[in-house]
Amino acid sequence: MRKSRMPRSLPVKRTAIAVTLLFLLPFFYSSPSKIDGPPPPPPPPPHRFQTTFTSSKTTDQPRQRLLLPSPPPPPLEYDYYRHTCPDAESTVRSAVTRILLERPTVGPALLRLLFHDCFIHGCDASLLLEAVDGAPSERDAIPNLSLRGFDALDAIKSSLERICPAVVSCSDILVLAARDAVLVSLSTRSSVSCLSFFFAKNTLKFLLF
């Protein structure tokens, strides 16, 4: 009886596999930086001067240019219109009080207007602009179709324009009106929780979605 012999092709296959593994081994153990490229440089620290190099069109020599950081925005200020329109805040408060006595649900509407205007880094009263010559308007966007209180803001702005024409910005009128709407609504309720329930109820009632 003959003994079974190992096929001659088996050592050849093993040798081929070993050579293949030896060839691929450096790729498996390479660092990610060698495969994916060098890591990006760290960002420069804030509030420091940065320099960039630009080439001249005439000499093609690099020139160093100093980039200055942008100045911070001015801080908010209480009683901002004390010199230009001293009665601005009291006029807005009186107009809001008069409107809420007749239509209490306008209070939640004014607060929601402020939220939608400031939600996407706004607070610029762009929500109050209407479409002109077919140009799209933020006011006509789908999330803003259920907003109310535009007529109340127009009435408040008219009260201000009578005493200080073209002084108080529309964004400040919206902020002052929303603030006073919360204060006036709170004065007729026993607690903040009651006010929150009233605002939530009268906001959800007018939502389209």
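Any Cβ shown, glycine's included, is placed from N, Cα and C.
Partner cysteine of Cys85, as given in TrEMBL, is Cys164 (from among Cys164, Cys170, Cys194, disulfide bond). Comparing Cys164 (disulfide bond) with Asp124 (Ca(2+) binding site), their Cα atoms are 20 Å apart once rounded. Excluding Asp117, Gly122, Asp124, Ser126, Glu138, which define the Ca(2+) site, the same chain contributes Cys118, Ile120, Cys123, Ala125, Leu127, Leu128, Ser171 within 8 Å (Cβ to the Cβ centroid), listed in sequence order.
Mapped onto DSSP classes, the domain 'Plant heme peroxidase family profile' (75-185) shows 67 helix, 0 strand, 44 coil.
Comparing the Cα of Cys85 (disulfide bond) with the Cα of every entry in His116, Cys118, Cys123, these being the recorded positions, the smallest distance points to Cys123.
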